[in-house]
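**Q** Following this message is one structure expressed as structure tokens.
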Amino acid sequence: MKRLPVLALLVWVCAVFYVGIFLFVGGFLLVRLEVNRTSTCADVLFPGGAEPKGDFCPTEPRFRRVVVLIIDALKSDFARYDPANEAPRPYENKLPVLNEMVSTQPSRARLYTFRADPPTTTMQRIKGFTTGSLPTFIDVGNNFASSAILEDNLVHQLGQMGKRVVFMGDDTWMSLFPKKFHRSLPFPSFNVKDLHTVDNGILQNIYPTMEGGDWDVLIAHFLGVDHCGHRFGPDHPAMAEKLTQMDEVIRAVIGRLGNDTLLVVMGDHGMTDTGDHGGESQKETDAALFLYSPSPLFPNPGSQVEPEVVPQTDLVPTLALLLGIPIPYSSVGQVLLPLFSTAESPTGLSQGEALWINVRQVNRFLETYSSMAKDIPPESLTQLRAEFSRISSEYLKSVQEGKPVSSELQVSMQEYLTSVRETCRASWARFNPLKMAVGLSVLAGACILCYVLSELSSVVVSRGVLKVPVVCGVVVGGVVAVGQLASQGYVEAAWCLGGAALSSEVSFLWRSRRNHPRGRLALARLLAPALLVLLLRCASLLSDSYVVSEGRVVTFLLCTLSLYVPLRLNWDGLLLPPPPSDSQKPPGLVPALTLPPSVVRRESATMLVCVGVLVGSLYLSLSFHNCREEQGACQPSPFLSPLSRVQDSRLRNLHYVLSLASLAAWAYLLHRWLRHYGNLNSPGVTVFAARFLLPLASICTGLHWAVSATPEDSFRNLADLIGLAQVVLPRAAFALLGLGLSLVWLDPLTVFLKERAPLQSRGPSVPPPKYRASTGISPQAELHHLIPQLYQRIRRSLEDGVPGGPEDGGPAVEAYGLGTVYSAPLVLLCGLFGLGLLLLHPEGMALAFLLLLLESGALLHLHACSTTLSSLQRAPSNGFSVPWAPVVLWSLAACQFFHTTGHLPTFPSIQWNAAFVGFPQGHTGTLLPATLVTLNTFSSHILFAVSCPLLLFWPLVCEIRGWKGSRGGEEGEDAVMEMRLRENPQQFSSALLQLMMRYLFVSGVQVFASVCAAAILRRHLMVWKVFAPKLMFEASGFVVSSVSVLVGVSLVMRVDAAVGSLFKKLVPEASR
């Protein structure tokens, strides 16, 4: 087998795909340009020095101090109070203090709905309500690794004005505002299972700090409510306890406020019904905002039936003017007018003055930004400038005449501020069309590459075709780099990679067109039904409704294509044995039957059973799907919730027993398959992993689930022991599985060999043995899956007929498990890896993983039976080509299982709890948790990509003994199974390359379709809610899948090298 050329071609094609994705994403998801300028009190309000009154800093601030209590994920519904609700849910009516203050002291308190801009992740929300700017889509990826805020912000302005800012709580603030606090008490925030550490740390320090007086601004960021939502969801008794605790905190803080102090209680975002956030549904964006002061705060008190809606960006200019500091330079927020007086006031700004300062600041930012970036439409910019000029002249006139600002002018100011914000929101989806176009071109070329390589795999493997494209790519990339240095003085790696990838593709395709006949590139095969199903799926990615319902649609396509396979065989007359041929008919009209009718009926029955198992598994898998916000009344599967969230003890026990049974079935089926094909007889380390490490890891996993499902208040005296078990058990399982994977990689052979006495030493009545692979037909355990006469077959394979062997009296060799020498380590690798991935999922997903095993087994047997029955129509061939239909089915199954495990192409659906399996106390870095979450999210892509070579091996594993249609076999010969691959190394390499290229083609075309959808619909209303997340997940899934493909192929090559070494050891020195 030509291992290096095949692996090099796969790496090259994957690299080309990566470059295309990198280029397109770089042009599609650009970060907004940050204006690194700072507001100061010296900034003038009027151009030309005609400053009639005041500046950006009020001389007499309304408040000297402010206490900001941030209750993470304080949803607006949590703050409402309904006295008529006699049976409140755990999150209802738990903050009565807010309603009491608003109803009894309407001039001192107000409650608002505080609306966030997506993405609704904590770091982006902190940026939003401290800078007043709007986030961009790609910012969501920074939630793992917060970086310091460089734009002007409230914390910086407070420090510049000499305010003593004290912070305590979520340590995210420390990375966003390093060395900006007078004093800080951060606590680790990433462990979502920890409900109390951060909150208790704040409670121990907040009251002494308030009473001490060494502060001007006190910021306390509580995390218990958010973590409770992530762990249990909002509808859980633990949420009631947390909200009640927050109610007590607010009461205690109100009792310690001075008359010159403002209290701000706010949530940074909301949460869904499952406790998640990150998207842009109203449940995620609507938080609560409560304002209170012991002194009269609102000039026009009034009762509120429903809270008003306040954008989060509006808090920035409001707090700045109330505290007497400049509004941050890049803020596009609008002051909250009810907090300012309606007329001139000696102690604070009037509403007109506050609005004017706000308008002047926003206009200054608009002018600065438009001069630095050209992404604001000129017509919008001209209109806004004209409106500001009109407002400026009217306000200056009213001030010079000593008249108060008219209500009409105030309305104009508010409309201007709203217009600027909406213009910026629409314009900050900046695209780089050239980069996007180059990325699209590279991806399209990569898809064509995969198809060409799959059709010309036999030719490509026999010739060295990679050298010229690689050299061409390196040369062109270097030329682009030199040109950039000469013209710009610096090198932009994206363009160098793009030039290298495009030139490499064009070079290969041009050489393929010149050196190979057109007939070999059968473009008509693109019209095969399987590829038409793929085309239909790709075209449908332009529909947002399809993406929303993708899980069910992919299940339908997978079911439909699987049913097509037996229907097509039946249409061709191959599903049932044909009637006896009519001797009067020409022999060419009736295909020669190479299988007995009984075998045909058995294969057909097996195929129909596999179709039934597949359809049943697909139907059951629909019970595990999650719900998108756009799906309305959809209810997520109860299996997606961890057992610790299930309050009914009987239901929890039932789920646990079902999960445990599924886990045991997973381990048993893997062990049974390996035993059936004789791969558990070897004393090697791989067999040790299958016999011992897999069961031990399964036991640790089951015990971990039992410990995790234990309610916290059930065994308080064993809390330390339970906490220790939550660390030790999953880590032990990870260690066992990691050791097993390492052993499989180091010594992948599962073959047991033993020498047998020469033929002359046997009695004359003993018949000579026949060559038989691992077919499992021997009734004796000793002879189960035996391969006698291996010696002479090895010699024919290696030396092309050197004399000597069992026929000449040489020693014979008996081998167990050689017929599945390639597939066995691959099955074991996937079994171990799958168990580790299951450990990262909720316990209820064990049944989903079992359905995955049944589904993949059904697909493999469907493919094997189809191959056997199709051979009735084809002439015997030595090729091992895998048709398009099973490859497309395999790819669709990967996508379908992605949804079956509760995942969706949305950020709120990411299962962050995976980062804390075995690490309940959190992490010191971000690499390990990010890796665990990635493995959890793309587990289906990993398993199906690694196991993709099984599509090549399975027809050989299921090979039928003694028929002419065996691949390269002779009539009457026993099944040789995977040893045929060793006899035809050239065809083995060609078939493996073709299969992998076809799988990459199917996956890459789906990425290309997602890229096209995002590019074409980049101004669509749903682009950031549907198409952009789908693009990110599809691209990330392809990267993970391609890496997994390389892992699977590398293992096959590792096995091939080990088999070659084994065969060489068996050849006597005399015959070499």
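Numbering starts at 1 and runs along the chain as displayed.
The backbone N, Cα and C atoms fix where each Cβ goes, and this holds for glycine too.
Sharing the features that TrEMBL gives for it:
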TRANSMEM  7-31  transmembrane segment
TRANSMEM  434-453  transmembrane segment
TRANSMEM  492-510  transmembrane segment
TRANSMEM  522-542  transmembrane segment
TRANSMEM  604-622  transmembrane segment
TRANSMEM  654-674  transmembrane segment
TRANSMEM  686-707  transmembrane segment
TRANSMEM  821-840  transmembrane segment
TRANSMEM  847-864  transmembrane segment
TRANSMEM  938-957  transmembrane segment
TRANSMEM  999-1017  transmembrane segment
TRANSMEM  1037-1055  transmembrane segment
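Burial and contacts for the listed features, if you can.
**A** Non-local neighbours of the transmembrane segment (7-31) in the same chain are 136-139, 430-436, 438-443, 445-446, 449-450, 453, 460, 466, 469-470, 494, 497-498, 500-501, 504-505, 993, 996-997, 1000, 1004, 1007, 1011, 1014-1015, 1018, 1028, 1031-1032, 1035, 1038-1039, 1042-1043, 1045-1046, 1049-1050, 1053; each lies 6+ residues outside the stretch with a CB under 8 Å from one of its CB atoms.
Note on the transmembrane segment (434-453): residues 9, 13, 16-17, 19-28, 460, 494-495, 498, 501-502, 505-506, 508-509, 512, 521, 526, 993-994, 997-998, 1000-1001, 1004-1005, 1007-1008, 1011-1012, 1015 of its chain, located 6 or more positions outside it, place their CB under 8 angstroms from a CB of the stretch.
Long-range neighbours of the transmembrane segment (492-510) within the same chain, counting only residues 6 or more positions beyond its ends whose Cβ lies under 8 Å from a Cβ of the stretch, are 12, 15-16, 19-20, 22-23, 26, 435, 438-439, 441-442, 445-446, 448-449, 452, 465-466, 468-470, 472-481, 484.
Residues 451, 455, 553-554, 557, 560-561, 564, 568, 883-885, 887-889, 891-892, 1002, 1005-1006, 1008-1010, 1012-1013, 1016-1017, 1030 of the same chain lie 6+ residues outside the transmembrane segment (522-542) yet bring a C-beta within less than 8 angstroms of a C-beta in it.
Same-chain residues lying 6 or more positions outside the transmembrane segment (604-622) and placing a CB less than 8 Å from one of its CB atoms are 552, 555, 558-559, 562-563, 565-566, 569, 575-576, 847-848, 851, 854-855, 857-859, 861-862, 865-866, 869, 896-897, 900.
Same-chain residues lying 6 or more positions outside the transmembrane segment (686-707) and placing a CB less than 8 Å from one of its CB atoms are 643, 656, 659-660, 663-664, 666-667, 670-671, 674, 679-680, 722, 725-726, 729-730, 732-733, 736-737, 739-740, 743-744, 747-750, 825, 828, 831-832, 835-836, 838-839, 843.
A Cβ distance under 8 Å defines the sequence-distant neighbours of the transmembrane segment (821-840), meaning residues of its chain 6+ beyond its ends; these are 663, 666-667, 670, 673-674, 677, 679, 686, 689-690, 693-694, 697-698, 701, 704, 730, 733-734, 737-738, 740-741, 744-745, 748-751, 846, 849, 852-853, 911, 914, 917, 932, 935-936, 939, 942-943, 946-947, 949-950, 953-954, 957, 978-979, 981, 1048, 1051-1052, 1055-1056, 1059.
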